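Database features, via Swiss-Prot:
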ACT_SITE  Glu93  active site, proton acceptor
DOMAIN    99-343  domain 'Radical SAM core'
DISULFID  Cys106-Cys348  disulfide bond
BINDING   Cys113, Cys117, Cys120  [4Fe-4S] cluster binding site
BINDING   Gly172, Glu173, Ser204, Ser226, Leu227, His228, Asn305  S-adenosyl-L-methionine binding site
ACT_SITE  Cys348  active site, S-methylcysteine intermediate
Amino acid sequence: MTTLTNLLDLDPAQLIAYCGELGEKPFRAKQLQRWIHQFGASDFDAMTDLAKSLRDKLATRAIIAAPAVISDHTSADGTRKWLVDVGQGNAVETVFIPEENRGTLCISTQAGCAVNCRFCSTGKQGFNRNLSVGEVIGQLWMAEFELRRTKGIEPGPKGERQITNVVMMGMGEPLLNYEPTVTALKLMLDDNAYGLSRRRVTLSTSGVVPMIDKLSQDCAVALAVSLHASNDALRDGLVPLNKKYPLVELMAACKRYLEFAPRDFVTFEYCMLDGVNDSDQHARELIALVRQADVPCKFNLIPFNPFPESGLTRSHNPRIKAFAQVLMDAGIVTTVRKTRGDDIDAACGQLAGEVQDRTRVQDRMKKMAEYQEKFGKNFGRIVEISS
């Protein structure tokens with residue numbers, strides 16, 4: 001049986017090479033890429049400006065398949081969360097956050113996470129596997145065209161774009177799944193695909209120093225760093241990766257990255273934990289840390305979203321405001337992240353949700369297989385959004 005090539009796995013250069021293997025010229029790859037990423041098409045017969053001979057070849061050798069949607073929930077504040085099947089009993093979550101002038105999609109890069117930050121529920125489920133390119137970019141593909149379909153907006157460049165910003169802040173550490181992550185980033189930025197600005201795509205890392213340097217050369221998008229502590233002793237306990245890449249190395253990597261970044265600052269994410277990292281002294285240590293390293297930055301303070309296994313609690317709002325004020329008085333731009341989607345477990349640090357209960361996921365997948373056997377393989381799947 002011939003293995004079908006998932007065209008969502010291919011970046012622009014790879015798609016040109018693939019078309020070359022089929023005896024086609026490079027311009028066919030560009031046409032194909034537009035159909036896939038600008039029109040959301042998965043049916044080759046719908047790609048009417050492709051030669052029929054090419055469509056026939058593709059129908060027997062290729063497929064366009066994003067992860068199937070297991071569940072779809074919308075929060076009272078408009079935040080929308082999809083649980084998607086990435087196979088072998090694994091599922092990841094994708095979250096859309098609508099705002100007045102933009103729509104941000106938070107995507108996952110791994111099923112589970114090996115970093116195991118103390119305050120993050122995703123890490124508590126352990127690491128299962130890396131996602132493929134198609135599973136990463138497929139989250140954007142699925143979400144963009146599902147949002148358009150929901151609102152009755154036509155596919156293609158003329159239709160109003162629903163996702164204007166992408167943040168790699170979902171499940172997993174992006175820089176520990178480097179090649180698929182970078183390939184997906186390149187597709188996001190390509191004008192023949194999604195055409196997003198580098199300033200509107202943010203990768204968040206817990207601090208994999210060598211890969212930060214590599215990213216600066218391969219695909220320098222906006223950088224966010226999960227900092228969460230003002231000194232090594234504290235960060236060792238909250239972010240175990242710090243034992244391998246301590247703060248002095250991380251700060252130096254951030255400074256090097258800014259030579260190539262689309263923004264002139266790094267965003268430091270800081271989860272506010274009551275009695276752990278939220279004192280004025282911690283804030284003063286942060287000021288000294290970034291000044292000594294000479295890293296232009298802004299801080300995004302994140303109210304902790306509690307979960308039972310953490311043993312941690314959220315800092316009180318007055319404490320968060322006081323902490324922010326210390327930073328701002330030192331001239332550091334500081335924001336406090338709004339808590340969005342917490343009623344559907346879509347808020348920051350909560351992306352384990354239904355995935356954490358592996359038995360329930362297996363039950364849902366078994367039930368889905370039964371329905372597909374009865375009603376056809378496409379039951380419950382978003383397979384064609386171009387019509």
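Placed from the backbone N, Cα and C atoms, the Cβ positions cover glycine too.
This view paints the features noted in Swiss-Prot onto the structure.
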residue : record                               : Cβ contacts under 8 Å, 6 or more apart
Cys113  : [4Fe-4S] cluster binding site        : Cys120, Thr122, Gly123, Gln125, Phe127, Met171, Gly172, Glu173
Cys117  : [4Fe-4S] cluster binding site        : Gly123, Ser206, Ser226, His228, Leu238, Val239, Pro240
Ser204  : S-adenosyl-L-methionine binding site : Val167, Met168, Met169, Pro174, Ala224, Val225, Ser226, Glu269
Leu227  : S-adenosyl-L-methionine binding site : Arg235, Phe268, Glu269, Tyr270, Leu286
Three-class DSSP secondary structure - Asn305 (S-adenosyl-L-methionine binding site): coil
Those residues of the chain, 6+ apart, with a Cβ under 8 Å from that of Cys106 (disulfide bond): Thr94, Val95, Phe96, Ile97, Val167, Met168, Met169, Gly170
Pairwise CA distance, the residue listed as 'active site, proton acceptor' versus Asn305 (S-adenosyl-L-methionine binding site), rounded so that it is a whole Å: 16
Largest inter-residue Cα distance among Gly172, Glu173, Ser204, Ser226, Leu227, His228, Asn305 [record-listed S-adenosyl-L-methionine binders, Å]: 19
Per DSSP, three-state class assigned to Cys117 ([4Fe-4S] cluster binding site): coil
Which listed residue (Ser226, Asn305) has most other Cβ within 10 Å, given these are binding-site residues: Ser226
